[in-house]
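According to TrEMBL, the feature active site, proton acceptor maps to B:405. Residues or ranges marked as FAD binding site in TrEMBL: B:123, B:162. Per TrEMBL, domain 'Acyl-coenzyme A oxidase N-terminal' is recorded for B:1-117. Marked as domain 'Acyl-CoA oxidase/dehydrogenase middle' by TrEMBL: B:120-228. Per TrEMBL, domain 'Acyl-CoA oxidase C-alpha1' is recorded for B:259-420. Residues or ranges marked as domain 'Acyl-CoA oxidase C-terminal' in TrEMBL: B:459-635.
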C-alpha cells in the first residue's frame with residue numbers, strides 16, 4: 001500500500017537507501033537516547049550530529065527538500081532541531097532571495113561552505129504576529145555610512161530564533177529602517193553577532209539562550225539585544241529596497257515573489273505535521289495490538305485493547321487524519337509548483353485561493369495533529385506518559401506548529417477575510433471563482449439525500465459538507481453586515497470573529513475531505529482502495545458528526561440521517577479493525593523515526609521498556625547521594641527515638 | 001470575592017499564614033527554579049525539601065488534608081511530586097486501614113516517625129486497570145512460615161509507583177496470594193525493599209527508576225521485580241483476610257470501608273485539578289491583559305489581546321470550568337463526609353450515587369482540565385511554549401490525571417454500567433432514585449422554552465440539559481437492548497460503548513452545571529453574584545452549545561433557540577470582560593503557586609522573562625564547548641577553502 005503514500009516506488013526505494021546510509025554511519029548514533037541527556041549534553045550531541053549531517057549531505061538530493069531533505073534530517077536529528085536548523089531553513093533562502101548580486105557573491109559562499117552559521121531574527125519579546133510594530137531600529141548614519149542597530153526597550157529583544165542563543169555567528173535581523181529622519185518599516189539586515197575566532201559576542205550585542213521549553217530542547221533558541229551596534233550600509237539587503245550612500249531611501253517595486261516561498265514552507269510544515277500524527281497513530285495502534293486488558297468473557301483471556309470500540313473510536317480517526325493531512329501536503333506542494341510556474345509568466349490568478357487554503361491548512365492541520373497525538377498518547381494509558389513511548393516528545397514537537405509560522409487563530413481570521421470577500425462578490429453577482437471556492441457561488445439541494453454509509457458516495461458527502469460550509473460562511477457574513485450597521489468595522493469584525501473562524505475551519509475541512517476522496521480515486525488496486533475508502537468515509541463522517549447541529553439546521557439533515565452518520569462511524573470502525581495495523585504500517589515509518597519502545601515494529605514492548613529505563617541517569621548509581629544526605633539522617637534519628 | 005471560593009474567611013487567613021510560613025523558611029527555597037535543574041538535581045532538591053516539609057509539618061493542620069495539607073505541599077513542592085509522596089498518600093493510610101492490631105502497633109510508629117519510607121506497588125508493566133490479572137505472586141510456604149514473592153514474567157514487574165525507584169525502603173505490594181495450592185486473588189503485603197543502613201536492595205529484589213516522563217520528573221517512579229523473595233507470614237496485611245500458620249486461608253468479611261477512602265481521594269484529585277486549571281486561567285488572563293497586539297484602528301495603538309472575542313472565547317470558558325470544578329470538589333468532599341456518617345450507622349443508601357458521580361467527575365474534570373490548560377497555553381502564543389510561562393509544567397502535571405486513579409474511558413463506562421441499571425429500573429417502573437439520578441425518572445417538557453440569555457433562569461437551563469442527558473441515556477440503553485438480541489452481552493456492550501460513554505459525560509456535565517448554579521445561589525452580595533452568575537451562565541451555554549445537535553433532536557430546540565445560545569455566549573463574554581481579572585484574582589493564587597513569569601501578579605512580564613532565561617544552564621558560559629569542538633573546525637576549514 002505504501003507506494004501510494006510515499007508516492008512512486010523510486011521514492012520508497014530512496015527512503016530505504018537513505019535509512020541504510022544513516023544507520024550505517026557511526027556519526028549519527030546517539031550515545032544514549034536523547035531523552036536521558038541533560039539539556040547541555042543534548043545541545044552538544046545535536047551540534048556534533050548537525051555538523052556530520054551537513055558534512056555528509058551529498059548522500060541526498062538537496063533540491064528535494066520536501067522529500068529527501070526532511071526525511072534525512074528527521075532520521076538524524078529526531079524531533080530535536082539543532083543550532084543550524086535556521087541556517088538552512090531561513091538564513092540561506094533569505095540570502096538567496098533578498099541579496100543584490102554583489103551581496104550574493106560575498107555572502108553565499110560563506111553560507112554554503114558553512115564558514116559562518118546564520119539564523120533569522122524577527123520575532124521580539126513583545127511582538128510576534130504584528131510585524132509592523134517591531135521595535136528594533138536600524139538608523140542610517142550618512143556620516144559613517146553605517147546603520148546603527150538598537151533595541152530601545154526590553155520588549156524589542158529578539159526572542160525565539162533557533163540557534164541564536166549559542167550557535168549562530170550571524171543573523172538576518174528585521175528592524176525598523178530609519179533614514180533621513182523617517183521610518184520606512186521593517187527591513188532585513190545581515191548582521192554579525194559573534195567574533196569568528198573566539199565566538200564571543202561583538203561589542204554592542206547581548207545574546208543568550210531563552211531557557212527550557214515544552215519541546216525542542218536540543219535547540220538553543222535565543223534572545224538578542226543591540227546597544228547602538230554599527231553595521232556597514234551594505235549589510236542592508238538591497239535586492240528590493242535600497243538606502244543610498246546619502247541616506248536616500250529607494251522603495252521596492254511591488255513583489256509577490258516571497259509569497260511562493262511561504263506556500264512552500266507551509267507544504268513542508270503540513271507534511272511534517274502529518275508525519276508526526278502518523279507516527280503517533282502507528283505507535284498507538286501497534287501498542288493497542290500488543291496490550292491486552294480486560295476479559296469480557298470470563299476465562300477466555302484478556303483481549304487486545306484495540307478490540308474495544310472506545311479505543312477504535314479514539315485511534316482510527318487519527319489514522320484517517322494522518323492520511324488526509326499527508327494527501328493535502330502533497331496537494332499543496334503541487335499547487336506551489338503550479339503557482340511558481342504561473343508567477344513566472346506573470347499569472348497571479350491562483351494567488352488568492354492558494355493563500356486561503358495554505359493559511360487555513362496550516363492552522364487546522366497543526367491543531368488537529370496536536371489533538372490527535374494526545375488522543376494516541378492517552379490511548380496508551382500510563383505508558384503513554386513515559387518518554388519510552390516517544391509520544392510526549394512527538395506532542396511537544398508538533399504542538400509548536402499551532403503557534404509558529406502564524407498563530408492559528410490569526411491564520412483562521414486571515415482566511416475569513418478572504419472568504420468574506422468571496423461572499424461579498426457572490427452577493428453582488430460578480431464573483432469570479434476558481435476551483436477551491438467555486439462551491440460558494442453554487443446552490444445545492446435544500447435537503448441531503450444521505451441515508452446510510454453503505455450506499456453513500458463521496459459526491460454526496462462532499463455536496464452535504466459544501467452546503468454546511470457555505471451556510472456558515474454566509475451566516476457569519478450576514479452577522480458581520482448586521483453589526484457593521486451599528487458599530488465600527490473593527491468592532492463588527494471582532495464581534496463576529498468566533499463565527500468567522502468557524503467558517504474558515506469548515507472551508508478547510510471541506511478541502512481536506514475532497515482531496516482525500518480524490519486521491520483514493522486514483523488507486524486502481526482494489527486491495528488498497530477498499531480500506532482506504534473506508535478510512536476516507538470515516539474521515540468524512542467524523543467531520544459531519546462533529547458539525548452535527550449545522551447539518552440539522554433548516555432541516556438539511558433529519559435526526560434519522562444524523563443517527564445514520566454515527567451508526568456509519570461504528571460500522572466503519574468494525575470494517576477497519578482487520579486492516580488497522582496494515583494502514584499504519586503503510587506509513588513506512590522505521591523504528592528509528594518512531595523512536596518509541598511502545599511502537600516497535602517487532603512488538604517486543606515490555607522487555608525493552610526495562611532496557612530503556614535502565615539508561616535513566618538515576619539508575620547509574622544503586623544508591624543516590626540523596627540517601628546519605630537527606631533520608632538516612634532522618635531515618636536514623638527516627639529509629640533512635642522509637 | 002475569594003471568601004466564597006476558599007470558603008470561610010478563616011481559611012483565607014490560614015492560606016496567608018501558611019504562605020508566610022513557607023516563604024520565611026530558607027529550607028523551602030529552590031537554588032534555581034526547578035525547570036533549570038537536571039533530573040538528578042531535581043530529585044535531590046525535592047528530597048531535601050520533602051524532609052524539611054515533614055520536619056516542619058506541625059505548622060499545618062494535618063487532619064485537614066483537603067484544605068491545609070494539599071496547600072502546604074503544593075507551596076513547597078510545586079508541581080513535582082517527591083520520593084515521599086506515596087509514603088503519605090498511600091502507604092500510611094493503607095497501613096492504618098489494612099493492618100490488624102499487632103501489625104499496627106509494629107508498623108505505624110515506623111511510618112509516622114519516618115524511620116522507614118514506603119510506597120504502594122500495585123500497577124505492573126503489563127497490567128493496570130484489570131487488577132485481577134496482576135502477575136506478581138505471593139506463595140505461602142508453611143514449612144518456613146513465609147511468603148515467597150515472585151515476578152514470573154517481565155510483565156509482572158511493578159511499574160510506576162512514586163518513590164519506588166530510589167527512595168523507598170519499603171512497599172505495600174499487591175500480589176496474587178497462593179496458599180495450599182490455590183489462588184485467592186490479589187492481596188496486599190508489607191515488604192522491605194532496601195537495607196536500612198546501606199539502602200542497597202535486598203537480595204531477590206531488583207528495582208530502579210522508570211526513566212523520564214512527560215511530567216513529575218522530580219519523582220523517582222520505579223520498577224520492581226522479585227526473584228523468590230521471602231517475607232514473614234505476618235507481613236501479609238491481616239485485618240480482613242488472613243493466612244494461618246498452616247496455610248489455611250481465611251476470607252474477609254465483605255467490607256465497603258475502602259469505598260469512602262476512594263471518594264475522598266477523588267475529591268482531593270478534583271480539587272487539585274480545578275486548581276491547576278485555575279492557575280492556567282490566571283496566567284493566561286493576566287498575560288492577555290499585559291500583552292498588546294494588533295491595532296484594529298490605525299494610530300490608536302495596540303490593544304490588549306483579551307479584547308479579542310476569539311481570545312475571550314478561548315479563555316473565559318476555562319475560568320468558568322475552574323470554578324465549576326472547584327465547587328464540585330467541595331460538594332464531593334461534603335458527600336464523602338455525609339457518606340462516612342451514614343456508613344458508620346450502616347446506611348449504604350448513598351453509595352451507588354456517589355460511586356457514579358465521583359467516578360464520572362474524575363474522568364470529566366481531568367480531561368476538561370487538561371484541554372483547558374492547553375487552551376490557556378496556546379492563548380499565550382509563543383511564550384506559552386516556554387517553561388517561563390509555567391504552562392507546560394501545569395499541563396504535564398494535570399494531564400496525568402486522565403490516566404491514574406482509573407483510566408478515564410474505563411471510568412466513564414463504569415458510570416454507564418450504573419446508569420444503565422437506573423434506566424432499567426425506570427423502564428420497569430421500580431426505580432428508587434436519589435437526588436443525583438432523580439431526573440432520569442421524570443419527564444420534562446417536549447419543547448424547551450429558552451428564548452435568550454437575558455431572561456434565562458437556571459431552572460430552565462437545567463431542565464433542558466436534564467432532557468438531553470436523559471434522552472442520551474435512554475438512546476444508549478435502547479441500542480444496548482437491541483444489540484443484545486443478536487449478540488452476546490459483552491459484544492453488545494462493546495458495540496454501544498461510545499454512546500454509553502457519551503451518556504455518562506452528559507450526566508456528569510449536568511451535575512456540574514447544577515452545583516455551579518446552586519453554589520452561587522448561596523451568595524447574597526450582589527457585587528459577587530452578578531459576575532459569577534454570568535460565569536455560570538457561560539458555563540451552561542457552553543455545555544449546551546457543545547451538545548448542540550442533541551438539543552435539536554426531535555425539535556426540542558429550534559435552530560433559532562440554538563442560535564440564541566451562541567449569541568448568548570458572545571453577550572456573556574462582553575459582560576464578563578471587565579471582571580475577567582477580578583475573577584481570576586479571586587482564586588487567590590500566589591506567585592509562588594503559579595510559578596509563572598507570564599502570570600506574575602505585578603504584570604512585569606518582559607523584564608522578568610530575560611532574568612528568568614539568564615538562569616538557563618546554557619547561559620552559564622558565554623561560549624559553549626561545542627563551538628571549539630564541532631563548529632570552529634567546520635568554519636575554519638570552510639574559510640580556508642573559500
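Cβ from N, Cα, C; glycine included.
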Under 8 Å Cβ-Cβ to chain A, which of the recorded positions B:123, B:162, B:405? B:123
Between residue B:162 (FAD binding site) and the residue listed as 'active site, proton acceptor', how far is it from one CA atom to the other, in Å? 13
Among all the protein chains here, how many other CB atoms are within 10 A of the CB of residue B:123 (FAD binding site)? 20
For a quick check of packing: other C-beta atoms within 10 Å of the C-beta of residue B:405 (active site, proton acceptor), how many? 17
What average pLDDT is reported by the model for the domain 'Acyl-CoA oxidase C-alpha1' (B:259-420)? 94
Secondary structure content, the domain 'Acyl-coenzyme A oxidase N-terminal' (B:1-117) (per DSSP, counts of residues): 86 helix, 0 strand, 31 coil
Taking only the CA atoms, the spacing between residue B:123 (FAD binding site) and the residue listed as 'active site, proton acceptor', expressed in whole angstrom, is 11
Around residue B:162 (FAD binding site), how many other C-beta atoms are within 10 angstroms of its C-beta? 24
Across the domain 'Acyl-CoA oxidase/dehydrogenase middle' (B:120-228), what are the DSSP residue counts per state (helix, strand, coil)? 6 helix, 50 strand, 53 coil
